[in-house]
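Comments concern the structure below.
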Amino acid sequence: MIPVINQEKQGISGDFRLSVAPMMNWTDRYCRVFHRVLAPSARLYTEMVHAKAVIYGDRERLLGFASVEQPVALQLGGSEPALLAKAASIAVDWGYSEINLNCGCPSDRVQAGSFGACLMREPALVADCVAAMAAVVSVPVTVKCRLGVNEDDDYGRFAKFVDWVIGASSSRMIVVHARNAWLQGLSPKENREIPPLRYDWVYRLKRECPELAVVLNGGITSVEAGLDHLLMVDGVMLGRAAYQDPYILHQFYCALSNAPVLPRALLLRALRPYVEAWLEQGVTLRHIVRHLLGLFHGQPGGRVFRQVLTQGGQRSDADWSLVEQALSIIEG
């Protein structure tokens, strides 16, 4: 039995034992609704949005979401406390239930903007950013970080960073990608795979800070592994596994909630009302079905299922019948 800690004490509402990581170019509004169908209580996160984009950009495109997505958090990028505070205030007006600051992205573009993983070298600045946002919003302000940058091998430095962050926020929760970020020499993809995982550091953080809600991210590719982590920390955050093999997300949700595991086809058909509503709004099917391609990962007919959706989804007039065509291959 996986314990549920007192979320109210942590300043977080809802169940955070299971969440889906913010992933650039992946966790858009269509992906998040699909994930909500698969896991009704998982915490969902947007793609990272820079604070300036929230303030000056197309807010409907950047911030719009369906009410069914709740609880959903907006992940912000930036390093200027005043701008982050303004963006957080706007986001809360749009209905987001959590604001999360990105302190883990190692891409060159993000580094050039002085935010993301490079902020781990500036814990006082991160604390200022968190405090500025927490002062103007009523929802939790959290941080997603790495263990350190480059060759950092000092647990004490990591723990000090967490102390700074938590001390600045009314929300005692942190999400940790359990590996370092290399700021030179590795692509973002390689940064998710090559730096070694150090789950022991995250476990230690939880042991030393029992009142802190610790959510672990990184390298979780099975329900069994996730459940094992939940014996040591308060939550797990699935990343690529939830996108590339999304049925894992449903299986994990069912394991935590003692709900029956539903067939893949039934879950996909539950998405139909949302898909048809989006199509009526002028969204083309290809923007939606790209998130569905992994649902039959490893299953007979899965490759042809993906081909039908990928090729047919390019048509401007493609509609739900294409999904049914792809399902007919699976169902024989």
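For all residues, glycine too, the Cβ spot is worked out from N, Cα and C.
Since this is a predicted model, take the numbers as computed values, not measurements.
Within 10 Å of the C-beta of C105 (active site, proton donor) we count 25 further C-beta atoms, all protein chains included. Look at Swiss-Prot and you will find C105 tagged as active site, proton donor, backed by sequence analysis.
R240 (FMN binding site) falls within a helix when secondary structure is assigned with DSSP. Taken from Swiss-Prot, the feature FMN binding site applies to P22, M23, M24, Q75, K144, H177, N217, G218, G219, G239, R240, supported by sequence analysis.
According to its DSSP assignment, N102 (site 'Interacts with tRNA') is in a strand. Sequence-distant neighbours of N102 (site 'Interacts with tRNA'): residues of the same chain at least 6 apart with a C-beta under 8 Å from its C-beta are P22, M48, Q75, L76, G77, V110, F115, G116, K144. For N102 (among others), the entry in Swiss-Prot reads site 'Interacts with tRNA', with the evidence type sequence analysis.
The Cβ of K189 (site 'Interacts with tRNA') has 10 neighbouring Cβ atoms from other residues within 10 Å, across all protein chains displayed. Marked as site 'Interacts with tRNA' by Swiss-Prot on the basis of sequence analysis: K189 (among others).
In sequence order, G218, G239, R240 are the residues near R192 (site 'Interacts with tRNA'), counting only same-chain partners six or more apart with C-beta under 8 A. Positions annotated as site 'Interacts with tRNA' by Swiss-Prot, on the basis of sequence analysis: R192 (among others).
Annotation comment: Swiss-Prot describes R303 (among others) as site 'Interacts with tRNA', evidence class sequence analysis. DSSP assigns R303 (site 'Interacts with tRNA') to a helix in the three-state reduction.
Counting only same-chain residues six or more apart in sequence, the Cβ atoms lying under 8 angstroms from the Cβ of R306 (site 'Interacts with tRNA') belong to L293, F296. Annotation source Swiss-Prot lists site 'Interacts with tRNA' at R306 (among others), citing sequence analysis.
For N217 (FMN binding site) paired with K189 (site 'Interacts with tRNA'), the C-alpha to C-alpha distance reads 15 Å.
According to DSSP, M24 (FMN binding site) sits in a coil region rather than a helix or strand. When the recorded positions K144, R240, R303 are compared by the number of other CB atoms within 10 angstroms of each CB, R303 has the fewest. Spread of the FMN binding residues is 20 Å (greatest Cα-Cα distance among P22, M23, M24, Q75, K144, H177, N217, G218, G219, G239, R240).
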